[in-house]
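Asker: The structure's right below; bear with me while I get my questions together.
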Amino acid sequence: MIAKYGGQQGEQNNRILSAESSFSDVTALNGQAPIPDMLITGQEAAASGAAEPTPQAVLPTAAGETGAESSLSINSSRQTTKSTLYEQMRKECERIEENLLRARREVYLQADVAFLMQRSDTELSNLQIAQAKEIKEKIESFEKNMKGRSERKETKKFQRTSVRRTKYRDMLILKQQTISKAATAIRLTVVEQREAFDNLMAHVKAIHEQQRIDEAAALERKLDFEKSINDLEIVSQPDEVKSALAKMFQVRQTHQRALNKRINEHLREVQMVEVRHVKEKFDLERNCAEEAGNLKVLHAARIAEQIEAHVLEMNNEKERLQAEHEAKKQVLITHLHQVEVKRLQHAHRLALRNMKSEQEQRLAAFKHQRLSGNGLGTGVGSISSKLTSKMASRQESNADIDDASSDRSSQVSASPSRIAAGINGITPASSTFGGTRRSGNGSHTPTGSHISEDDDIRSTHSDDSRTHRVNAIASLVAKQRQEKTNLMATLKAEMTELEQSHSAQMGEMEEEQRLELEKLVMEQREELELLRALQEKEILVEQSVHEAEMVTMVERRVLNSVFASVNDGIINTTSDGTITRFNPAAVEIFGYTAAEAIGQNVSILMPDDIAKDHNRFILSYMNTGIKKVVGKSRRLEGKCKNGEIFPMQLSLSEVKEQDEHLFTAVARDLTKKVQLENEIREKEELEQRELQKLIGELDVTKAKTEDLLSQMLPRSVANQLMDGKQVTPQTFDNATVFFLDVVGFTTMCASMHPTETVSLLDAIYNTFDEVIQKYDAYKVETIGDSYLIVSGIPTPNGDRHASEIATLALEIMSKVHLFQFERNPSLKLRVRIGLNTGPVVAGVVGTKMPRYCLFGDTVNTGSRMESTSQPMRIQISESTCAMLKAAGGFQIVDRGEIDVKASCVLRAVLGKGKMRTYFLNGKENFPFELPSQ
């Protein structure tokens, strides 16, 4: 039984086994003499001139001709000679041996071919492993380089951050030092001002003290001069006259000393006022200096904060640009690495393809060599040597590829500063392998165009990146410079305003001090004049008394005439109060005649309570000698004969004559003086009432101002602004805005005089304002012929804002329909109205002329509702329509979808395009006439 093998190698082995089996069968027949049928068949085949069978067909022929034809061959061969039979057997054996050798050569050939193919597979596998390892190493090297690059960048970033933090700390320290120096300078300035004030106060006090000394010395010199002159005057007079004149001079001197004392007191009061004024001025200057210093410190802090913010902003911008540049650079490096990997993979594929081609050529040459008849010993050794040489050449080629790749990688990693950030400009076509050329042996080698392209990319991006960063930094520097300029202008304006305020305060204080000092001097002058007049009168009284003492009782007539000549009432009384003399002036003052008064008690001239006190004081003086009323002038009330009470001034003096106490009372009617004082007091009260009236008028003016401000701004917002509070913007979840525009207003203005245009707008706005007052709505602003009204702002009103605005719009439409302009009755006014409902943000904009403004998509959409409406129609949005339908009673018509035109930017932001809108035509039970739709 012949074993069967599978595959090509098994088929060859089967052939060899078949040939060996046939040869064994022939040998067995030769020893046993039987003639097998296959030999006879072979002989007959040879004799008949048939073609020699191929080695593959030998066994099938020997085995296949054992059928019906074998019996015929055996019968015919019996007639041949035995020698011919053996000869044929020899030839057959030789042929079989030749076929056996040929089959063995073919088996050896197949074994060599299998060995070569296995060797080729091993080479390919090794090459693929080496290529994969090379790519892996390249990728690992790239990743390692990128990781190292990232670490270096992070280190540099940390270093930059550390340096910036250090600079920032230095900046903060410098800022604190600057503020501390400013505060120290302010303190030193305050100390210097305090020292200067102390020196000034010391100087003022010294001057005042010297003025008082000089004034006292001057007054004393005046007294001395008068005394010397009086001594010269009376030196030649008789002794009695000399004594009387000396007493009169003594009285004058007493009055002059009292006047001088009062003058000194006035001077002291003026000096005290001056000192107070100096202190007030110093306090104001100090406060102004402190405010200016604090403002300068605040300005310095604001400038430092702005510089700090600018530095931080510049650092952040530089860091952002550096990060952007680094990101683009990493993208470019990664891209170049991917390109290199693709090139390397392409080279590997070419190497594999070349190796497979070389292996196929080598295998074909080997088969041809073996089949051409060369001996068995010519294949394996030559194959090994050729394989060794091919492997060496391939390794050299791979080494060259590795060297080129490593050079390329090192070139990329060694020059990171040249890598561009403009990777976005590189198209996918730039990463193809169009830059390779095919060499003579069919391989592809990279050309120099890739390097030039990469260099161009790097240089182009480097220029673009540098330009981009320079432009970004330049724009930021320009912006910061503008911000600094604006801040300096603001600070300068604030300082100028503060200086002006200080100057105004100083001027007001100086004016108030001047007026106060003038008033004080005037009051002192009036007081001195009044005192001088009183002293003159007292001197006259004293003079009269002394003159009366000069004459004897014989000269009573002269004395009476003197008594009669004075304007003050003179009353002489005894110690018990009995009246002994009553001059005409006293008669005129009290209404009693001299006969009626003499002999009566002095108490009849005073009210009861004052008379009791007077008698008690006189009795006390007589008992104790303590003068409470004697020798003094006092102000009290007198009593006339008719019982009328009047003010008077009473001066009581004592004369001792022969151990008897006689008292002389000088009474002066102060009715006119009191009336003058009352007139002055009434005048002051009148001035006070006028001042109260002015304050009331000021309150009315303030109320008008507040009312006017409430018309410009909402009352709640106006109250916050008047209280000095900051008005924060508010967000209202739901409100309805009203936009109105006069159709053809520009054309109307062109045909009118400007005054007529203003009159027309005034008439229109007055009409609209009257309508607005009826509803819960607020007029936001008017710009030319445009009108903006809102409901639900600033005071939310629930869901009533839509119906309020809709009813207001219908009434305004009715007013416009019936509107007639007095200067041009033929003028027909037409308007467009648009309504929209939604969330709105409201706030105050500006400080010099604050305005209450609305912001948000709802306002913009409402404006578009007005601009896309039709003349004499009210166009509303879907949101307003929904709220009006919910309220009920409104006549609404669907207009359909319209193109709400807007600018490209606004449309991109707001997403406006096609919108469904509606027309508001009326309202149930609406009392006003509306235009026909």
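Placed from the backbone N, Cα and C atoms, the Cβ positions cover glycine too.
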Asker: Of 134-161, 666-693, which range does TrEMBL call coiled coil?
Answerer: 666-693
Asker: Counting by DSSP, what is the helix, strand and coil composition of the domain 'Guanylate cyclase' (736-866)?
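Answerer: Reading the DSSP string over the domain 'Guanylate cyclase' (736-866) gives 52 helix, 41 strand, 38 coil.
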Asker: Please work out the mean pLDDT for the residues of the domain 'Guanylate cyclase' (736-866).
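Answerer: Mean model confidence (pLDDT) across the domain 'Guanylate cyclase' (736-866) is 88.
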Asker: Could you give me three numbers for the domain 'PAS' (555-609), the DSSP helix, strand and coil residue counts?
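Answerer: Reading the DSSP string over the domain 'PAS' (555-609) gives 28 helix, 12 strand, 15 coil.
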